[in-house]
Each structure stands twice: as structure tokens, then as C-alpha cells.
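As recorded in TrEMBL:
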BINDING   Cys136, Cys139, His140  heme c binding site
SIGNAL    1-19  signal peptide
Amino acid sequence: MKKTLMLSLCAVLASPAFAATDPVSARQDIFKQFKKDAAAMGKMVKSDTINKDEFSKLAAHLDEVAQQPWQHFPAGTASGQAARKTEAKAEIWSKPAEWTKAVDSFKAETGKLKQVAANGDAASIKNQFAAVQKTCKSCHDAFRKD
């Protein structure tokens, strides 16, 4: 029993350390936060029940995490190259100018969403949320295997 408990404890304690050193895990964890925030905001937008305080918090969090995953794309972590399963296409590294433009566009649109969520009306929020979604789709189409 003690041995099982110790092995379980070691596994739990080692997991965050592995994630911190594994760029694929790190970026996937951040993208999961994107998805969670976007899903909650999307639900409000689709149902026409935008709680401005909650939406504003979600938009601010999305803008914060929008700055984070890009450092976790070192060379050698594309699909088929990385030790972990990933959908990152090699085009991220073979077309760095296009990749940077897509990343910068996403960051800009999430920044605008944060501002609009804090100050705008429901129509402006919906339009800006759609703009953020458009940048997501554009990046996925070019740089993510489906």
C-alpha cells in the first residue's frame, strides 16, 4: 500500500515538472484555456445573454493567455517530430513571417475584445468576438493539422 501511494505521489509531483519542460504540453495547456474562455463567451453570444461583467473577465483572461503559448513552439515540435502528439504543422517554422503575422493578428484581436467587452454594447461585443474567432480559424487553417 505504501509503495503504491509513494508511486502515485511521485507521478503527481512529476507531472507539472514534465509539463513545464515539454513545450508541446505547455502550449496545449494554454490552448485549452483559450478553448474554455471562448466556449463560455460563445455561449453568451449565441444565446444573446451577455453578462458584461463575466464576459469582460473572460475576455481579459483570454487576452492575458493570448500572449503565452507562442514561446512553446521551438523547432522540432511539429506533428510527426515531437515526442507528444501535436497538430502543429511544419509551416509554423517554414513560413515564420506568416506565422508571426497570424499570431500578432490574434493578439491584436483579443486585445480589442478585452476593450470592447469592458466598454461596448452587445452588438460590438458580438462583432469583436467574431473577429477573434476568424483569427483562430485562419491560423488553424494554415498552421494546424485537423
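Using the three backbone atoms N, Cα and C, a Cβ is placed for every residue, glycine included.
Nobody curates TrEMBL annotations by hand; they come from automatic prediction.
All protein chains included, His140 (heme c binding site) registers 14 other Cβ atoms within 10 Å of its own Cβ.
Close to the recorded heme c site, the chain also has Ala102, Phe106, Thr135, Lys137, Ser138, Asp141, Ala142, Phe143, Arg144: residues not among Cys136, Cys139, His140 whose Cβ is within 8 Å of the site's Cβ mean position. Non-local neighbourhood of Cys139 (heme c binding site): Ala102, Val103, Ser105, Phe106, each in the same chain, at least six residues away, with C-beta under 8 Å from its C-beta. Counting only residues at least six positions away in the same chain, the Cβ atoms of Phe34, Ala38, Phe106 sit under 8 Å from the Cβ of Cys136 (heme c binding site).
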